[in-house]
Amino acid sequence: MEEKGSKMVEQGNQDAPAPPETMAQPFPSAQFAPPQNGIPAEYTPSHPHPTPDYSGQTPVAEHTLNLYTPAQTHSEPSGPDNSIQAVSGTATQTDDSAQTDSQQQTQSSEITEIKTQPKRLHVSNIPFRFRDPDLRQMFGQFGKILDVEIIFNERGSKGFGFVTFESSADADRAREKLHGTVVEGRKIEVNNATARVMTNKKTVNPYANGWKLNPVVGAVYSPEFYAVPGFPYPAATAAAAAYRGAHLRGRGRTVYNTFRAAAPPPHIPAYGGVVYQDGFYGADIYGGYTAYRYTQPATATAAAYSDSYGRVYAADPYNHALAPAATYSVGAMNAFAPLTDAKTRSHADDVGLVLSSLQASIYRGGYSRFAPY
């Protein structure tokens, strides 16, 4: 029995293994062309497709390559991108840190320079008996002092001064400690000294003719330089030029001789009377130019006078008229006012008023108490 059993085992082992079940092979579908012109064509059966072999491992390997090949292709460029991004991020962080360090160094250097620069303090309300050593002793405890200055005038100390420290930090510390302290009953004030801005302000002249005084007052006090456009006495211009060009001692008498030698202006009929206020003689009324010391030519014309303005004659026909008047004093010419209203007064009245004041100033100039001779 044992032999039979062994034989059976051997026979069982000798049997060929059963072939694996094969998959159903697909049958190729016959492809028929459409009939042309109703004539049936002979069709040969097409060759069947080769049966694919599914038993081997080659298809699995092929599928493996097909599955992982695109993954490897996509994974290859990702490495350099990540490395580039990492490097660029590191470089950006490095640049930012370098800029921050440079800014901090610059700021620290600027702060150091500011602290080491000299600084000037303005000290006000200090005692009047204080002198430079006293102020230096007061501020010297806070640092090295370069300069101390107390402002004086002809009567003594003005109560304020300046202290210059070598270091700005010492100056700030002294200002914080000493500002508001009481010294000898006076509360001193310590502030940073600032430079005074000097601006050249041009004064606006209210008069178009260049005079700061009004024309009437200017004609009374300085007739030799009273020359404005339209003024009907051009001799003043020539006289002013002669006065500026001549080297004279004391009062320029030649100026007044030029005025006396020049022919007087014509009479203006529209000019009314003038009231001169005199404290000694009361109110004296003088009409026009007739009561003046100059005689008025009756037949002269304006053209003739325009040709003779500024002409110096050999004789001085009006020299005898410079004696003091018998009816009024020199002080009577100081204050005067026209009788006519300012609204109804014409331009001729104003011109006559200026001319009268001009002649009055010439009269007074001959007896000026400021003349040295």
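Numbering starts at 1 and runs along the chain as it is shown here.
Cβ atoms are placed via backbone N, Cα and C, with glycine included.
Database features, via Swiss-Prot:
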- 24-36: compositional bias 'Low complexity' (COMPBIAS)
- 66-89: compositional bias 'Polar residues' (COMPBIAS)
- 90-109: compositional bias 'Low complexity' (COMPBIAS)
- 119-195: domain 'RRM' (DOMAIN)
- 1-118: region 'Disordered' (REGION)
- ARG120: site 'Interaction with RNA' (SITE)
- PHE128: site 'Interaction with RNA' (SITE)
- ARG129: site 'Interaction with RNA' (SITE)
- ASN153: site 'Interaction with RNA' (SITE)
- LYS158: site 'Interaction with RNA' (SITE)
- PHE162: site 'Interaction with RNA' (SITE)
- ARG186: site 'Interaction with RNA' (SITE)
- ARG196: site 'Interaction with RNA' (SITE)
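The Cβ of PHE128 (site 'Interaction with RNA') lies under 8 Å from the Cβ of GLY156, SER157, GLY159, each of these being in the same chain and 6 or more residues away along the sequence.
For the recorded sites ARG129, ARG186, counting C-beta atoms within 10 A of each C-beta gives the highest total at ARG186. Per-site Cβ counts within 10 Å over the recorded sites ARG120, LYS158 peak at ARG120. A sphere of 10 angstroms centred on the C-beta of ASN153 (site 'Interaction with RNA') encloses 7 other C-beta atoms. Residue counts for the domain 'RRM' (119-195) by DSSP state, with H, G and I taken as helix and E and B as strand, are 22 helix, 33 strand, 22 coil. Residue density at PHE162 (site 'Interaction with RNA'): 15 other Cβ atoms are found within 10 A of its Cβ, drawing on all protein chains shown.
On a Cα basis, ARG186 (site 'Interaction with RNA') lies 17 Å away from PHE162 (site 'Interaction with RNA'). Separating the Cα atoms of LYS158 (site 'Interaction with RNA') and ARG186 (site 'Interaction with RNA') is a whole-number distance of 14 Å. In this structure, the CA atom of ARG129 (site 'Interaction with RNA') is 12 Å away from the CA atom of ARG186 (site 'Interaction with RNA').
Regional average pLDDT for the domain 'RRM' (119-195) in the model is 92.
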